[in-house]
Number of protein chains: 2
Amino acid sequence: MTYKAPLKDMLFVMNELAGLSTVNTLPGCEDATADTVEAVLEENAKFCANVVAPLNHSSDKEPSFWHDGQVTTSKGFKDAFKGFAQAGWQGVQHPTDFGGQGLPKLVATPCIEMLNASSISFALVALLSDGAIEALLTAGSDEQKATYLEPLVSGKWTGTMNLTEPQAGSDLAAVRTRAVPQGDGTYKVFGTKIFITYGEHDLTENIVHLVLARTPSAPPGVKGISLFIVPKFLVNADGSLGARNDAHCVSIEHKLGIKASPTAVLQFGDNGGAIGTLVGEENRGLEYMFIMMNAARFGVGLQGIGLAERSYQQAVAFAKDRVQSRDLAGSAGPVSIIHHPDVRRMLMSMRSQVEAARALAYVGAGISDVAHHHDDAAVRASNLAVYEYLVPIIKGWSTEMSQDVTRDGVQVHGGMGFIEETGAAQHYRDAKILTIYEGTTAIQANDLVGRKTVRDGGAVAKSIIGQVRETEALLAAQGGADFKAIHRALSEGSVALEAVVEYVAANMKTDIKGVFSGSVLYLKLAGIVLGGWVMARAALVAQAKIDGGDGDAGFYKAKIATARFFADHILTQASGLRTAIVEGSAGVLALTEDQF
Amino acid sequence: MTYKAPLKDMLFVMNELAGLSTVNTLPGCEDATADTVEAVLEENAKFCANVVAPLNHSSDKEPSFWHDGQVTTSKGFKDAFKGFAQAGWQGVQHPTDFGGQGLPKLVATPCIEMLNASSISFALVALLSDGAIEALLTAGSDEQKATYLEPLVSGKWTGTMNLTEPQAGSDLAAVRTRAVPQGDGTYKVFGTKIFITYGEHDLTENIVHLVLARTPSAPPGVKGISLFIVPKFLVNADGSLGARNDAHCVSIEHKLGIKASPTAVLQFGDNGGAIGTLVGEENRGLEYMFIMMNAARFGVGLQGIGLAERSYQQAVAFAKDRVQSRDLAGSAGPVSIIHHPDVRRMLMSMRSQVEAARALAYVGAGISDVAHHHDDAAVRASNLAVYEYLVPIIKGWSTEMSQDVTRDGVQVHGGMGFIEETGAAQHYRDAKILTIYEGTTAIQANDLVGRKTVRDGGAVAKSIIGQVRETEALLAAQGGADFKAIHRALSEGSVALEAVVEYVAANMKTDIKGVFSGSVLYLKLAGIVLGGWVMARAALVAQAKIDGGDGDAGFYKAKIATARFFADHILTQASGLRTAIVEGSAGVLALTEDQF
């Protein structure tokens, strides 16, 4: 159950598909030279593999626990987080002004993948801090930035996101937590928040809660939500800790997976009011929270990729080790099960989907860097639009994929997979949260349909499909069965995706329920087609390397074979999805409530 | 987390699709009149819902545990099993000669589904006993039958299947357990068996282990395996219990799911040898074990169906109850989430797959009854061939389906689904074993490809496809968008299935690894197409009922809509699967072991 970071694939994707050599010419990104990046990734890989990955299984067996308002995290977490903070890993992508390394998102992305492959439960605390930092950078006052950012970036403190309430799951319009102004610039916060990841823990001396609440004058619904900082301990002017704030963890959840990460119920204001300060302007909380959410959604996509990679590595190791039954094509004794075609099919399915999702996410990260750092505003804007189109796909598709992959990961192990000691089952359990938190797949799909497709009449989607078509032309110019198969599957995929984008844009007004009946399938289709696209691009690069006599032909040949597998086995689902989306809403909507 | 048996759908399928009115004209099946069957099912439904279903969640929280060689089952199991036995439910399908009810398999089938929907962990003990009974009925001596059958059929004792050993998972050729003849007709058995479901428990006073082992003169491989009865307590001539046998449970497993069912490691012969008697002839053990396995495989298919039904019911109840967010088409306040299209899509996906798998399994059970009871040997033989073709599909597809369904079942619950207290997560965990035990999906697929398709050149498969085509003709004759969509999807499906059957039959000799690269996908394709076929037949019956003014139009309309959903959303996967099977082996097989 070890983990070895797939640095070779990561660097291949960064250099050949995600445009590292372009990103590191952007203003502020010049430090991210190829050599520096490789060194950073190697160091990060060592830390993750040696310090964090060994905690994954033991912390699942002995999860964090609650006692009298305190949460004790799993054995080893405290030291690991100290090491994480001291090495500066929390700050990889954050500004140097606040103690960060100031590296581009494209470089932070593999670091986040590695940390999550090592232990999602552990990585979550860092992911939540990233979100809090993003929100404060965007909307915090200078004083708030001065007080909170440096300790968050350094890992001295951690951050949380407090959205959900018992009566309001995905529906933020229903938020009831109150924030009452005290006349001195502070507010008293009252309410209950649930599902607060690392809402309480013993890793750091303070926790910075970012809390959605309503002021007394707030309008109803999502337009009346404001964002507040409510620290666990108040912070004195000199940065030292003051009084314990009235924000207490009353319990943590008993969960299917990610058991080592405490999921807290937080009670604000039961003893007079939790003291908080407003972030940005009143009633704009949702907007700021979306900054955290978007960063976090991309990060959850990486969780899916990291977890799937871990599950794949474990399955490969087992399949090479476990000797059972004869080779179908031979009569000698029993062989390792990696020789059996269906085991191999599962491993290739896992591998190809992980590689495709990784490539898509990293390409997205590169686009995000251009969107944030390019000196031409028009270039920034067009790249931002593409990035924002990709975020729900990266989050939704990578996490759904992780559930397919971890299921196969158990299956490869046979009966041993069902035994908890083996560790494969933990990945299957852990994966299930990823399609739920930071917005369920349906919420991602709503975003993809509404804000990302209908709003611009499908223009961004079609511009991306245009890029897919350029790749198809290059594929058509290649010879050989592999490229022929990839070309055919990708072409069918892009036709299907285009038809669906047009269907969505055309029917939203007249048949909104019909369109949303297929929203998750549209997200899946987009993931498959764009995943197939980046794999096709990878195969083209690999062929060029082989043709150019590049040394590592084994790696490049495997990349082409993996792209071929993805085309034949995954991309071929596209046409069926198109029919299900365009023709399938009648069956979704036909039954009355009583008929269920 | 209650369970209400779907008696209406069960009876619809039995009467309208699976031919109960034909089955109960078969010799020995005359008692299974429509009225009797309905009464039996209603009684069974009550027992399952009232006695067993309430134990499912509590027994997951407090599983069976091992102490000093003894296994204590979860609270309530002992009384429930006593009630189960006393009511005669163990004997539903077993001969009246040995105290059973002698009802057809078609009638036992919904009973097994209901018991498994109530608690797979509980139902397993009965399923294993069924297998032991089948094996003894087929191969046991008169003395063995007289000694063991009546106590097994009555539920006084239970049975187990002992195949797997630490070094031999699915590969029975590797079995090492030894059986040494003692010259008095008995054998001493020595060896370790793992993954023995209910290998030890406190539900009954004795346990009848059926054990695969090798005699000293046995040839190597699967041709040298014999089957032995090794009871936990030896049985005196008068049926009373004698000495404790040398078969001991040394531990039980800590598992992902079905935690209440003890999975034992059994040690035979550590204290001088466990005394056993040979079942049937020496070296024919595998053949007899396959009798148990085939019955058990069908039963595991029903576990998938029952579990998926339970998960569906729980998701529906939550979706009707949970109020969150506004209706997309309205501006009023928040609505129950069943109004949201993607929740509805998940529920319809769950529902349609459960109904399709149920219909296919029950149709299979009816065919099995004809195969075993018809007075014309030729009719028996042709039906047996069809039944045996269906068994790996019913097992493999229904169980894979149950993993899709239980995953959606968690997803419908959102964050609550990830909390163990909700109960949805248990189904997701429990489902994962179903594609593994009694032969993994790949093992089922091997059977489907090898024995069931290649051996007769695809003749049986094509005869079934011929029946599908007859249904297509009836669909074409119907009007309306629903039947048009169902017709189109089923036609595309049958074309795909036929092409794959031909590919498999034609390429087995020249490209065995290529064919087996797609074996599981072939199984899935067959499940989808045959599931779509029985749903299409159900829709035709429903339309005829509506046209005939039959009272329950709501039920029949829902059936048509559900068939339509299945056609648009599930059957449309067929063409992609065909390409993956026929074109996709290159990608499966391309990598060397080192490249993984």
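For all residues, glycine too, the Cβ spot is worked out from N, Cα and C.
Annotated in TrEMBL:
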- A:38-156: domain 'Acyl-CoA dehydrogenase/oxidase N-terminal' (DOMAIN)
- A:161-269: domain 'Acyl-CoA oxidase/dehydrogenase middle' (DOMAIN)
- A:283-448: domain 'Acyl-CoA dehydrogenase/oxidase C-terminal' (DOMAIN)
- A:466-591: domain 'Acetyl-CoA dehydrogenase-like C-terminal' (DOMAIN)
Fill in the blank from the handout: Reduced to three DSSP states, the domain 'Acetyl-CoA dehydrogenase-like C-terminal' (A:466-591) has 109 helix, 0 strand, 17 coil
Problem - Integer mean pLDDT for the domain 'Acyl-CoA dehydrogenase/oxidase N-terminal' (A:38-156) - result: 97
Handout entry: DSSP-assigned states of the domain 'Acyl-CoA dehydrogenase/oxidase N-terminal' (A:38-156) in counts, ordered helix, strand, coil
Key = 85 helix, 6 strand, 28 coil
Exercise for the section: Please work out the helix, strand and coil residue numbers for the domain 'Acyl-CoA oxidase/dehydrogenase middle' (A:161-269) from the DSSP assignment. Expected result: 7 helix, 54 strand, 48 coil
